[in-house]
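Record features, source Swiss-Prot:
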type: BINDING; residues: G20, G21, G22, G23, N24, G107, T108, G109, E138, R142, N186; note: GTP binding site
Amino acid sequence: MFEPIELTSDAVIRVVGIGGGGGNAVEHMVRECIEGVDFFAVNTDAQALRKTEVSQTVQIGSSITKGLGAGANPEVGKNSAEEDKDALRIILDGADMVFIASGMGGGTGTGAAPVIAEIAKDLGILTVAVVTKPFNFEGKKRLIFAEQGIDELSKHVDSLIIIPNDKLLKVLGKGISLLDAFSAANDVLKNAVQGIAELITRPGLINVDFADVKTVMSEMGYAMMGSGISKGDNRAEESSEIAISSPLLEDIDLSGARGVLVNITAGFDLRLDEFEAVGNKVRSFSSDNATVVIGTSLDPSMNDELRVTVVATGIGMDKRPDIKLVTNSTSNKNIMDRFGYRYSDKENTMSKNNNEFSKIKNKTKEDLQSDYLEIPAFLRNQAD
């Protein structure tokens, strides 16, 4: 009989949101209260850092931008990160795995993300980036900046996930609110981090440790991450289908994946046939030569729900693949059902001249909602 395995030590997982878009994504995760992960926000914009819910922040390029944004100039973002490499190295050092979140096409995220990724790789850290591409209406120049930034970032990360903002309109429909649309994109990062963190930090019937995760994700290039949750008699099949649909991710063909990591999260009622159903779904799209790792995480709070998180890596190593999406009528509903916000009070800040995290003024839930719903600033932050 299988017994839950108690882990003696946990891998150190950190998430770094860079610029306005990356900061928004990490704030979304903070509200979701994901355990076993440290969160950091990095920005040239001092005002944005003062307003963020993220508990640990690093201001970069203060002598270059004077505390303002990068002005949609990636070179300014790059130089700002180069100026404060020591402060960035401090927040990365000691981590086993780092997720980098950024909106590409603006200044801070586009320019600083590759620098931060390079620091992480030099420290021997497993580095995964999840980035957004700008809307077409934002202009050709911003899209070119985004492509250049993604190309540079890909040189310094183990795995790279790309979320095109234009898919928000195509997948979620024109009637979706702006707040919910960007929340859907933020959910991609949240589910990826949560799924991997739970594999490593939660006891399970089938144990997966950090070495397994590193095998699947190290030096793999383009990747896909998806998560689905369902309940009822067919919950295993349905959640697996939703997970591999990933409608908000860059168009990908999963059949060439070189590595597949799967986390099944459920209560103590998880059945053997459900485990088999998820495994069959994974085998249906992965190649015979792929390294497949499947683990379970036990969470009594799931009740009769079952969640499947899939990480497929090494996709299109020679060229970017053509579209091959699995459609599912319930996937949009599940994305929307996962929305929800919780607010934290604790806030700290760290700058080049102050490596100790100092407390700053607490904000109320109403203040945070007002900041987040201020549309012009929100659009500016998402792009920068």
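Count begins at 1; order follows the chain as displayed.
Glycine too: its Cβ is placed from the backbone N, Cα and C atoms.
This view paints the features noted in Swiss-Prot onto the structure.
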| residue | record | DSSP (3 states) |
| --- | --- | --- |
| G20 | GTP binding site | helix |
| T108 | GTP binding site | helix |
| E138 | GTP binding site | helix |
| N186 | GTP binding site | helix |
For N186 (GTP binding site): intrachain residues, at least 6 apart, with Cβ closer than 8 Å: N24, A25, H28, M29
Other C-beta atoms that fall within 10 angstroms of the C-beta of N24 (GTP binding site): 24
Largest CA-to-CA spread of GTP binders G20, G21, G22, G23, N24, G107, T108, G109, E138, R142, N186, angstrom: 20
Binding-site residues listed as G20, G22, T108, E138, least Cβ neighbours within 10 Å: E138
